[in-house]
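What follows is a short report on a single structure.
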Amino acid sequence: MSEIKYKRVMLKISGEALAGDQKHGLNTETVNKISDKIKELHDLGVEIAIVVGGGNFWRGRSGKGMDRTTADHMGMLATVINALGLQDSLEYRGIPTRVQTAIEMRQIAEPYIRRKAVRHLEKGRIVIFACGTGNPYFSTDTAAALRAAEIDAEVILLAKNVDGVYDSDPNINPNAVKFDKLSFLDVLNKELGVMDSTAASLCKDNNIPIIVFGLNDPDNIIRIVKGENIGTSIR
Ligand code: UDP
């Protein structure tokens with residue numbers, strides 16, 4: 001146990017990270033690779049809560065001309081597909097998991113109940129939170145911040161397709177500079193776009209550190225939990 005820096009973590013996996021190169025939908029091979037690393041983390045004795053995004057299927061803002069609330073409901077449903085896909089992959093690896101949804105769908109998953117979620121974590125089950133916060137106009141990054149605060153997670157591990165936060169888009173600007181450390185005020189004032197301002201404010205107000213890292217090398221999850229400085233740390 002001594003080799004781990006964090007005992008309880010919130011892992012935020014965006015929908016895009018589950019889509020692999022196809023950029024849309026669920027890529028089974030990608031999901032399985034991520035599950036292998038989550039299993040390693042679980043084997044180290046880390047309590048793991050996961051919030052999954054849904055952008056690989058649908059984002060509220062993609063619904064141009066649509067009623068925003070309806071479009072956001074569709075986005076929240078997309079997160080359930082990802083949650084079930086990830087659950088299946090983790091359970092195939094012998095890890096007990098529970099999916100809890102912020103919008104009730106009892107035939108499919110448990111409704112979100114904080115005390116139950118914490119109990120699952122204490123018993124070594126991985127809890128996957130779906131449907132974001134359950135409210136339109138929010139993001140799954142905000143859901144990760146909210147649930148992290150509720151379950152007393154020590155850190156949010158924000159898995160992205162880039163290896164940290166840059167001063168400009170590294171895919172466009174070859175001279176983009178990566179930050180090793182940032183404050184939440186920097187993120188808010190410089191509008192760095194790494195997460196929405198609601199999520200950043202919630203983490204700032206509740207002192208929840210975030211580590212932004214690239215999931216292209218899934219080993220990064222393990223390195224961070226063992227205390228290596230990878231990606232960008234925001235606090
Ligand atoms: N969403 C929402 N409320 C929430 C979380 C998510 O309405 O609390 C909707 C929103 O439409 C969002 C979509 O679900 O665009 C998918 O979530 P997100 O874009 O955060 O997924 P990611 O970018 O992480 O894949």
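Any Cβ shown, glycine's included, is placed from N, Cα and C.
Just so you know, TrEMBL annotations never went through curation; they're auto-generated.
According to TrEMBL, the feature domain 'Aspartate/glutamate/uridylate kinase' maps to 7-213.
Cβ neighbours within 10 Å of ASP169 (ATP binding site), excluding its own Cβ and spanning all shown chains: 10. Feature annotation from TrEMBL assigns ATP binding site to LYS12, ILE13, SER14, GLY15, GLY55, ARG59, ASN161, TYR166, ASP169.
The feature UMP binding site is assigned by TrEMBL to GLY54, ASP72, THR133, GLY134, ASN135, PRO136, TYR137, PHE138, SER139, THR140. Within 10 Å of the Cβ of GLY54 (UMP binding site) there are 27 other Cβ atoms, across all protein chains.
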Same chain, 6+ residues apart, C-beta under 8 Å of the C-beta of ASN161 (ATP binding site), given in sequence order: SER14, GLU16, ALA17, GLY214, LEU215, ASN216
Rounded inter-Cα distance in Å - THR133 (UMP binding site), LYS12 (ATP binding site): 13
Filtered binding-site residues, from SER14, GLY54, GLY55, THR133, SER139, ASN161, whose Cβ is under 6 Å from an atom of ligand 1: SER14, GLY54, GLY55, THR133, SER139
Spatial separation of GLY55 (ATP binding site) from TYR137 (UMP binding site) - C-alpha basis, Å: 14
TYR137 (UMP binding site): tally of other CB atoms within 10 A of its CB: 11
Farthest-apart CA atoms of GLY54, ASP72, THR133, GLY134, ASN135, PRO136, TYR137, PHE138, SER139, THR140, residues recorded for UMP, distance in Å: 14
